[in-house]
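Per Swiss-Prot, the features are:
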- Ser9, Lys37, Ile51, Glu64, Ser65: glutathione binding site (BINDING)
- 1-80: domain 'GST N-terminal' (DOMAIN)
- 92-221: domain 'GST C-terminal' (DOMAIN)
Amino acid sequence: MRVLGGEVSPFTARARLALDLRGVAYELLDEPLGPKKSDRLLAANPVYGKIPVLLLPDGRAICESAVIVQYIEDVARESGGAEAGSLLLPDDPYERAMHRFWTAFIDDKFWPALDAVSLAPTPGARAQAAEDTRAALSLLEEAFKDRSNGRAFFSGGDAAPGLLDLALGCFLPALRACERLHGLSLIDASATPLLDGWSQRFAAHPAAKRVLPDTEKVVQFTRFLQVQAQFRVHVS
């Protein structure tokens, strides 16, 4: 399989983490992260023109990171490759629904708030974005308490992360870069002790070590995005 994506893209990391956890060999086809879309990307994802895109061996394409992760899980289950301790989604229908719900929350609420911290046009907007990020993390702290059953990961297991772990874990490099750039503490032992422990366990997992980009690389990319955002403000 091949993945159209970017090394520092958190959504690409989410798809790659799922492939890595499932032991699926793939090739990362690097796409430039900018306003100009390649013909290859537009052909693979003509609806949104966004990464990541999972290119199947037969030429078909699957878009959107959360959809890609669930596709990988569905294939593993149908082929008999999903064992009880390595499921990305729980067997229980209610728990599956809850994991999907919180994945949507991360994408719709947490990530836009975190992204706005670094790209906010004014100090006031940045302070509001940081407050929104902390509010989202507070809710995710409670979600971890409810979903993990006292275990290491959101998945409810100690050995392997699941869908919800990948959904939040793919943003850890961006979160740490944001903290470093702006002198913030967003996930820490005082405000979110459960997430603090989880973040350390997730970052130490072999799949995360293989896939997640170095924080400094994300810092440099974020600075590039900040310059772009400032330029757009000046020319608008």
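From the backbone N, Cα and C atoms, a Cβ is placed for every residue, glycine too.
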Which of these binding-site residues has the least crowded Cβ, counting other Cβ atoms within 10 Å: Ser9, Ser65?
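Minimum Cβ neighbour count within 10 Å, taken over the binding-site residues Ser9, Ser65, occurs at Ser9.
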Using a 10 Å cut-off, grab the number of neighbouring Cβ atoms around the Cβ of Glu64 (glutathione binding site), all chains included.
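Cβ-Cβ neighbours of Glu64 (glutathione binding site) within 10 Å number 20.
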Please work out the mean pLDDT for the residues of the domain 'GST N-terminal' (1-80).
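The average pLDDT of the model in the domain 'GST N-terminal' (1-80) works out to 94.
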Under DSSP, is Ser9 (glutathione binding site) helix, strand or coil?
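SS state of Ser9 (glutathione binding site) = coil.
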Through the lens of DSSP with three states only, how would you label Ser65 (glutathione binding site)?
helix
Which state, by DSSP, holds Ile51 (glutathione binding site): helix, strand or coil?
coil
Across all chains shown, how many C-beta atoms besides its own are within 10 angstroms of the C-beta of Ile51 (glutathione binding site)?
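Ile51 (glutathione binding site) is surrounded by 24 other Cβ atoms within 10 Å.
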